[in-house]
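Engineer: Submitted below is the structure of interest, expressed as structure tokens.
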Amino acid sequence: MAVLPLKTIGDPILRSKAKEVENVNERTREIIKNMKDTLHENEGLGLAANQVGILQQIVVISIEDEEIVLINPEIVEKEGRKLMEEGCLSVPGRQGAVPRAEEIMVEYRNEEENQQRRKFSDLAARVIQHEIDHLKGELFVDKVVDISSAAPEKEPGSVE
Ligand SMILES: [Zn+2]
């Protein structure tokens with residue numbers, strides 16, 4: 001078991017783009033195993049390789065007892081939009097509401113290098129969108145919506 005140290009906001013690797021994995025080899029499998037250990041140790045729902053200092057397009061998620069490895073994930077369809085509070089292991093102590101698609105279709109390779117196409121919804125869809133952002137060097141704090149600013153506009157002529 002190897003729990004890797006987490007990179008936190010301010011580290012340039014979190015703002016870097018991860019590279020596509022060309023083939024799943026021994027080294028890739030070792031990275032995946034260490035990412036799973038790190039995710040569970042931190043009781044997270046998802047982890048992107050950037051968060052442990054590795055610029056490869058690898059995501060591990062663990063939701064409702066299902067563990068899924070997504071290599072080179074790409075969202076090919078999106079549906080719906082929902083605002084929900086999010087946090088991030090790389091941004092300790094901060095939370096904020098982020099709009100995300102409610103349902104997504106994702107193409108990716110699994111640990112056996114097989115091409116997959118799978119639909120995810122609700123929490124899994126949210127976590128995967130969050131992790132794919134990491135692979136692109138984006139953080140949830142870039143997308144946080146100030147709920148108070150989304151309040152309906154005042155009627156014309158109202159006085160404050
Ligand atoms: Zn995160």
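Placement of Cβ uses the backbone N, Cα and C atoms for every residue, glycine included.
Keep in mind that what you see is a predicted model, and the values were worked out from it rather than measured.
Look at TrEMBL and you will find E131 tagged as active site. Sequence annotations record features per position, and here TrEMBL assigns Fe cation binding site to C88, H130, H134.
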Engineer: Tell me, by DSSP, whether C88 (Fe cation binding site) is helix, strand or coil?
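Structural biologist: C88 (Fe cation binding site) sits in coil per DSSP, no helix or strand.
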Engineer: Sorted by position, what residues of the same chain at least six away from C88 (Fe cation binding site) have a C-beta under 8 A from it?
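Structural biologist: Residues satisfying the criterion: R94, H130, L139, F140, V141.
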Engineer: If you draw a 10 Å sphere on the Cβ of H130 (Fe cation binding site), how many other Cβ atoms land inside?
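Structural biologist: Summing over all protein chains shown, H130 (Fe cation binding site) has 23 other Cβ atoms within 10 Å.
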Engineer: Report the residues of the chain - excluding C88, H130, H134 - with C-beta within 8 Å of the mean position of the site's C-beta atoms, for the recorded Fe cation site, in sequence order.
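Structural biologist: So the extra residues in range turn out to be G46, A48, Q51, E86, L89, S90, E131, D133, L139, F140.
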Engineer: Near the Cβ of E131 (active site), how many other Cβ atoms are there if near means within 10 Å?
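Structural biologist: Other Cβ atoms found within 10 Å: 24.
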Engineer: Output, ordered by sequence, the same-chain residues six or more apart from H134 (Fe cation binding site) with a CB under 8 Å from its CB, or 'none'.
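Structural biologist: Expected: L14, A18, A48, N50, Q51, V59, S90.
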